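Everything below concerns the one structure shown next.
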Amino acid sequence: MNRMDINVQWVFTSMALLGLASGMIGTFALLKKQSLIGDAMAHAALPGICIAFLLYGQKSLLLFLIGAACSGYIATICIQFIVKHTRVKEDAAIGIVLSVFFGLGIVLLTWINQHEGGNQSGIHDFLFGKAASLTGSDVNVLTVTAVTVIIMILIFFKEFKIITFDRAFAQGIGISVSLLNGVLMFLIVSVVVIGLQAVGVVLMSALLITPALAARYWTEKLEWMTLLAGGFGALSGVAGAYISLIAYAPTGPLVIIFATMLFIFSFLFAPKRGLCSKMIRRHIERKKLQSQQLMYKRGEQL
Amino acid sequence: MSYTMWILLTASLVGINCGLVGTFLVLRKMSMLSDAISHSVLLGIVGAYMISHHLQGVSMLVGALIVGLLTTFLVQWLHQKGVQNDAAIGVVFTCLFAIGVVLISLFADRVHLDVEHALMGEIAFVPWDVLEVGGKSIGPKAIWLLGFVLAINIFCIVFAYKELKISSFDHEMAVTLGIPVVLIHYVLMGMLSLTTVASFDSVGAILVVAMLIVPSATAYLWTDRLSVMLICSAFIGVLASMIGYTIATVFNVSISGAIAVSTGVIFFISLWIAPKYGLLRKWLKKSPA
């Protein structure tokens, strides 16, 4: 019973930290219109994880992280290369890199299955995510990475803000835009990679986009948006983990469903940008206009 | 027909179907919608199973069609309401996929369909799942399903070729000419959903994305003509299936994965040697000897 409790605590802590880090970094990915890059990276991480396993021979979260980060980073370089040097547009470039890298990952996974005696259950968790299978050392790696990412965001906050909103100005005041873009990409890759084990390949991109998109409805200030997105992410992580505990359903999808519900709520009911408040405002304006017209008409009649 | 021939035929049919539909996706800059639909279709299949309690072709097709159209509708609607396009796609499909996964896990003991199977597919089992009419086997079910969808796709493309062409290249002109662009959009999305679900069961979600986008993007490097591009991308799809199957049998690895990798290799080679838009030609032009 006691061990069970510790395990539950691990899951809750790691999901909260993961949600916090991915929400915060997702804010920048969303504002730079790179939401789907997270999806591409999550898929592209698979071959890196497999190669790390082939080289090392057994499961090690730290090495998997390094392998995944390398292949995720190579994938973003490939996307940028295709967009810059061919007539293929960005969406197709993302799709190409995503599917081909993932295909390569599947090939390597089946190869490992054939040749390494089927000892790949650890890799398997990366595909679909399994928060409940996190062990103590996994949680350590996850916590350290998430905290590092959060600290990095706080340190470079001003710089990230400038390169997100006004590249030309950033260049003008002597900020190295390409270097900072690289740092930002690296932080995104790190979060995606630690998230893979908890929520899986497909849903990791949602953990980046959805909390940030929900936060966008509540504020116009980047500082608040980053904080809110982190809060939404952490809340979804904990809520998803809790529901999965009592409903015996997988954690990852529940986290995403909860985050989407937060988004729908914000989309409908946020004070300024929400759909309902917009409709109410439009209704009030129309009423005002009608009464004005009525007054004009009466004035003409008199 | 032998085992190998059935698999090659299945993969080629997937290649042709995806090549035809994918061409329009690449031209309309909607490639990532295929990624979205290929994942959210899972919900359609689970939903169809929960209502009809079996996994037969027709109910699965209908379920996938509904969810596929729902996905595009939701993405479109969110986009109209001010959500940027990439984020709209990302939110919608991940949510629908998550609901699908939760439903599968709740009914796991009764559904013969697991997420892994859906993502990776198992083309190697296609030849054993045969369709029987009057006690006689008339070939694998997957072939009939893919052939049926191919007929629909070819019919739609031939029937609405001009409309598809104009609305893909020049949206404003299509609107002024009075072409029903919205209808064309949803017809195309319907074709995409059908193609995805027919391919899905045999080759998995990821290969569908690879087959939809990569051959069409490759063909886009080779030609400027829509008709040539359609044929070219279907041909590249078939070629990649052949190469991928060969690699998979030699190294004993996943067939769908190997086919996805071969599409990537063909794209990479075309990137350099394509006659008009290849990098080699561009660089030679830049530095005349």
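Backbone N, Cα and C atoms are what each Cβ position is placed from, and that goes for glycine too.
Straight from TrEMBL, the features:
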type	residues	note
TRANSMEM	A:12-31	transmembrane segment
TRANSMEM	A:62-83	transmembrane segment
TRANSMEM	A:92-112	transmembrane segment
TRANSMEM	A:139-157	transmembrane segment
TRANSMEM	A:169-188	transmembrane segment
TRANSMEM	A:194-215	transmembrane segment
TRANSMEM	A:227-248	transmembrane segment
TRANSMEM	A:254-271	transmembrane segment
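Distant neighbours of the transmembrane segment (A:169-188): 25, 28-29, 32, 37-38, 41, 69, 73, 76, 149, 152-153, 156, 159-160, 162-163, 208; these residues of the same chain sit at least 6 beyond its ends, with a Cβ under 8 Å from one of its Cβ atoms. By the Cβ criterion (under 8 Å, sequence separation of 6 or more), the transmembrane segment (A:139-157) is not in contact with the transmembrane segment (A:254-271), since fewer than 3 such pairs are found. Residues 37, 40-42, 44-53, 55-56, 89-90, 93-94, 96-98, 101, 122-123, 126, 141, 145, 185-186, 189-190, 192-194, 196 of the same chain, all 6+ positions outside the transmembrane segment (A:62-83), place their C-beta atoms under 8 angstroms from a C-beta of that stretch.
The stretch from A:92-112, A:194-215, A:227-248 that makes the most Cβ contacts under 8 Å with the transmembrane segment (A:12-31) is A:227-248. A Cβ distance under 8 Å defines the sequence-distant neighbours of the transmembrane segment (A:92-112), meaning residues of its chain 6+ beyond its ends; these are 36-37, 39-40, 43-47, 49-51, 53-54, 71, 75, 78-79, 82-83, 120, 123, 201.
Long-range neighbours of the transmembrane segment (A:227-248) within the same chain, counting only residues 6 or more positions beyond its ends whose Cβ lies under 8 Å from a Cβ of the stretch, are 8, 11-12, 15-24, 26-27, 131-132, 150, 207, 210-212, 214-215, 218-219, 254-259, 262.
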